[in-house]
Amino acid sequence: MSKAPSSKIALVGNPNAGKSSLFNHLTGLNQKVGNFPGVTVEKKSGTTTLLDGSVVEVVDLPGIYSIYPRSLDEKIVSEILLDHHSPNTPDKVVVVADATNLKRGLLLATQVIDMGLPTILVLNMMDLAIKAGISYDFTMLSKKLGIPVVALNARKGDGIDELKKLLATPAEKISKNIFHIWPEAKEAVNELRGSLGVDNDYEAYLFLEQPQSIGFLGKEKIAAVNRIREKHQFFPGKFQGAETIQRYGVIQDLLNSAILKSADDSWKSYSTKIDRILTHKVWGYLIFFSILLVVFQSIFAWAEAPMDFIDQTFGQIASYLTNVLPAGPLTSLLTDGVIPGIGGIVIFVPQIAILFAFISILEESGYMARVVFLMDKIMRKFGLNGKSVVPLMSGVACAIPAIMATRTIDNWKERIITIMVTPLMSCSARLPIFAILIALIVPEQTVLGVFNLQGLAFMGLYLLGFVAAIMSAYIMKLLIRVQERSYLIMELPTYRIPKWSNVGYTIVEKTKAFVLEAGKIILAISIILWGLGNYGPGDVMENAESVVRDQSSNLRLTEQAFQDRVAAYKLENSYAGIIGKTIEPVIKPLGYDWKIGIALLTSFAAREVFVSTITTIYSIGSVPEDEAITIKDRLAQEVNPDTGGPRYTPAVGISLLVFYTFAMQCMSTLAIVYRETRGWKWPAIQLLYMTVLAYVSAFAVFQFMS
Amino acid sequence: MKPGEVAIVAGFTDEQLSVKLMEMGCLPGAAVRFNFAAPFGDPICISVSGYELSLRLEEAATISILN
C-alpha cells in the first residue's frame, strides 16, 4: 500500500473532455489537493496501481485549450510541460480528448507531442462518439501522431485497463515534429538550443514565445533567453495565430484519413431543445431563480440537524474534558480555546458540503455554463462577469470557498472585483447573530396574511448584502483602471446527466480544502482571543472570585449563578474587556457600549463568536435550570445607564444588524484573499472599505432612528 | 446574422481575440451558425466545428464572415 510511486503521469486536456472523470477513476480516494510550489494553483494528485502492481502518481493539470496560457491556472500547465529537468517533470503525459469532437483536442495533443515528453492520447467519451455514429481508424491515428492511442469511456471505466497497460510500458521520448517552425524563427531557436541545451525545437520555440512561463529557468538563463529574443526581434505571440492555423491544417489532413465515419449532430439535438427552455427570456430566469431558491432552502433546512449535532457534540466534549482534566490554564486553553475553535470550523462543513453538491451537479450537467450565459450581460454592467455568479452564490454559505471559486474568471479586474464584493453576501456565520437580534427587535407577527415579519427581516438582510455587493462592484468598476480586455469566449457543453461519483469527489475535495485552509486561521485566532479573554493585567483574574463574592454577598446566588458572574467579571477585566472599553468612544455613535465592543472584537475571528461572547458577558453562560432567562430575555432586560431605557432598542438592534451585514468580520476570508491576490494590498483595501461601509451605515441608521 | 443563419468565417479584425477564437475551432473557412442569443441580446451562442460556443456581441463582431 505504501509503495513509493515509480513514475509520474500528468493528465492534460480540454475543459469538458472528461479529464476529472478519468482522474477520479484512476485514483479513487487516493487523492490529495495541494498547491504547486510557490503559486496558489490547486494541484490535484493521486496514485493508481497498474496491472503489474506498480504504483504511479497521477497529477491532474488544469483544463486548457492550448499550450498558450491566459490565466494563472493555465500557466502552470505550460510551465510543467516545458521544464524537463525538475522533480515535477512528468514521465508521461496523457492527453485526454473528447472523441465526439476530436479536432480541437488534437490541437493541444499535437502541441504536447511537439514538446517531446512521452505522450499517450486518450479518446474519451467513446460511448457518445459511437452513439453519434463516429468511427475512427485508431491504428492510422496512432501512426500519424507517432504516439499510442487508447479509446476510453471514463464514466464507465471501459478502456482503463488498456491505458494502464500503456502506462506500465517504458517511456520513450518522441522525436516526431508535427509543427514546423518558421524559417524566420529557426535561427533564434537554433541559437537558444545551442546556448541552453534545450531538448527540442518546439520547446526552445516556446521559451521564446512565452516569457511568462519560464520562471523555472532561473535568472541567468532567462536573461540569455531574453537576449536571444531581442537579437532576433522575436516578439512573443508573433506567430501564435499562424501556428494554430498550421496545426489545424495538419489535423484536418490527419482526420480525413483517420475518421472512417463522421458524426452528424443530430445525437445532441436534445441539448438544443433544452437550451431553448433554459435560456428563454422568461423561463430561463424563472428556472434559474427557482434553482437558487431550492439551493438556499436546502443549505439551511438540511444543514440544520447536522449543525446542531456538531454544536452539541463539541459542547459535550468540552464539558467532559473540563470535568475530567485538572483545572488550570492548559485545560482552559483546550476546552475554551481549541475545542470551540475546531467546533467553529466543523460546524460549517454540512452547509459547505451541501452547497458544493449543488454547484457540482449544476456544473457536471452543463447548466452552469448557461447560467454564465444568462447572467453575463447583467453582471457586466456592474463590473462583474457571468462567471461571478458562482462565487456570489457560494458566498451565501461561506466566503472562503467562494473566493477560491473566482479562479475561473480569467479577466484580472473582474476577478478582483468579484473577490472584493463576495464577503458582502450574507454568509452562514452571520445567521446566528441575525437570528438573535431579529428575535429581539422584530415582533413575531404575520403581515399581509402569509408573511412572517421575522422571516421578511431575514430576507431583507440577505437582499441588503446582495445590493451592497452589486453597488460596491459598480463603484470599483469605475475606480479600478486596467488595460486588460475582458472576454467571454466559452464552450456551452452538451447537457449530460451528472456523474454522481464526480459530485462526491468534489464535495470531499472542497470540504477538505475549507477545513484545512480556513481551519488553521480560525483555530489560531480562537486561541489568541481565548488569551485576550482569559488574561488581564496584574492580578485581577486571581482576585475575581473574592471581588464578586464581596459584591454579591447579600444576593444569595446559586453556585451556578455565582460562577457566571465571575466569568462576566473576568471578561470585563481581561485584555479583551480593556480593549472593548477603549474603543467605546468610537462605537458609541453607533449605539454600542463596551460590552458590545468586546463582542465586536471577539467576533473578528468568526462572526458567530458574537453570540457566545454575549452569553458570557451577560453571564447567561449556563442557566439550564432557569429556562425563563434565555439570551433574548436577558438582552431585553439590559438597561442603558444613560437613558434608563433598554440597551437594545430597535435602533441599536438594527444598527448592529447593518453593521454585521457589511463588516469584514472574518480573518479567514482576509487570509484567503491574501493568498489569492498574493499580497496584502487587496485584503487591506477590503478590510478598510467594508469597515467604513459598516460603520457609516450603522451610524446613519442609529442616528436616524433614535 | 439572424438566429439560424449559417456563414463562413473569412477572417478576424482583432488579432488578440483571433488567436483565442481559432484555438476554440473558429477558423477561417469554417462554417458558423448563429444559434440563439441570450435574453438581452448578448451574449450569443454559435456553433462552429461541432461545438457550441458562447461569446459576447463585441467579440462576435471581430469575426468577419462571407455569406
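Indices start at 1 and increase along the chain as displayed.
The backbone N, Cα and C atoms fix where each Cβ goes, glycine too.
Heads up, TrEMBL stuff is auto-annotated, nobody curated it.
For A:6-173, the entry in TrEMBL reads domain 'FeoB-type G'.
Non-local contacts of A:MET125 (GTP binding site) by the CB criterion (under 8 A, 6+ apart in sequence, same chain) comprise A:ALA17, A:GLY18, A:ASP98, A:ALA99, A:THR100, A:ASN153, A:ALA154, A:ARG155. According to TrEMBL, the feature GTP binding site maps to A:13-20, A:38-42, A:60-63, A:124-127.
Shown in sequence order, A:GLY46, A:THR48 are the residues of the chain, 6+ apart in sequence, with a C-beta less than 8 angstroms from the C-beta of A:GLY28 (Mg(2+) binding site). Under the heading Mg(2+) binding site, TrEMBL lists A:ASN24, A:THR27, A:GLY28.
The transmembrane segment annotation in TrEMBL covers A:282-302 (among others).
Sequence annotations record features per position, and here TrEMBL assigns transmembrane segment to A:341-362 (among others).
Under the heading transmembrane segment, TrEMBL lists A:382-404 (among others).
The annotation transmembrane segment is assigned in TrEMBL to A:416-441 (among others). Listed by sequence, the residues of this chain that lie at least six past the ends of the transmembrane segment (A:416-441) yet keep a Cβ under 8 A from its Cβ atoms are 299-300, 303, 348, 351, 383-385, 388, 391-392, 395-399, 402-403, 406, 409, 454, 457-458, 461-462, 465-466, 468-470, 472-473, 476-477, 480, 603, 606-608, 610-611, 614, 631-632, 635-636, 648-650, 653-654, 656-657, 660-662, 664, 666, 669, 673, 676-677, 682, 685-686, 689-690.
The transmembrane segment annotation in TrEMBL covers A:651-674 (among others).
Residues or ranges marked as transmembrane segment in TrEMBL: A:686-705 (among others). Residues 419-420, 423-424, 468, 472, 589-591, 650-652, 654-656, 658-664, 670, 673 of the same chain, all 6+ positions outside the transmembrane segment (A:686-705), place their C-beta atoms under 8 angstroms from a C-beta of that stretch.
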* Inside 8 A of the center formed by the CB atoms of A:ASN24, A:THR27, A:GLY28, which other residues of the chain have their CB, for the recorded Mg(2+) site? -> A:PHE23, A:HIS25, A:LEU26, A:LEU29, A:ASN30, A:GLN31, A:GLY46, A:THR48, A:TYR505
* Find the member of A:341-362, A:382-404, A:651-674 that has more C-beta pairs under 8 Å to the transmembrane segment (A:282-302) than any other listed stretch. => A:341-362
* Structure fact -> Same-chain residues at least 6 beyond the ends of the transmembrane segment (A:341-362) with CB under 8 Å of its CB atoms are 291, 295, 298-300, 302-303, 306-307, 310-311, 313-315, 318, 368, 371, 390, 393-394, 396-398, 401, 405, 428-429, 498, 502-503, 506-507, 510-511, 514-515, 518-519, 522-523, 525-527, 530, 605-606, 608-609
* Asked: How big is the Cα-to-Cα gap, in Å, between A:ASN24 (Mg(2+) binding site) and A:ASN16 (GTP binding site)?
  -> 14
* Cα of A:LYS19 (GTP binding site) to Cα of A:THR27 (Mg(2+) binding site): how many Å, rounded? -> 12
* To do: To the nearest whole angstrom, state the Cα distance for the pair A:PRO62 (GTP binding site) and A:THR27 (Mg(2+) binding site).
  => 17
* To do: Let me know how many other Cβ atoms fall within 10 Å of the Cβ of A:GLY13 (GTP binding site).
  => 30
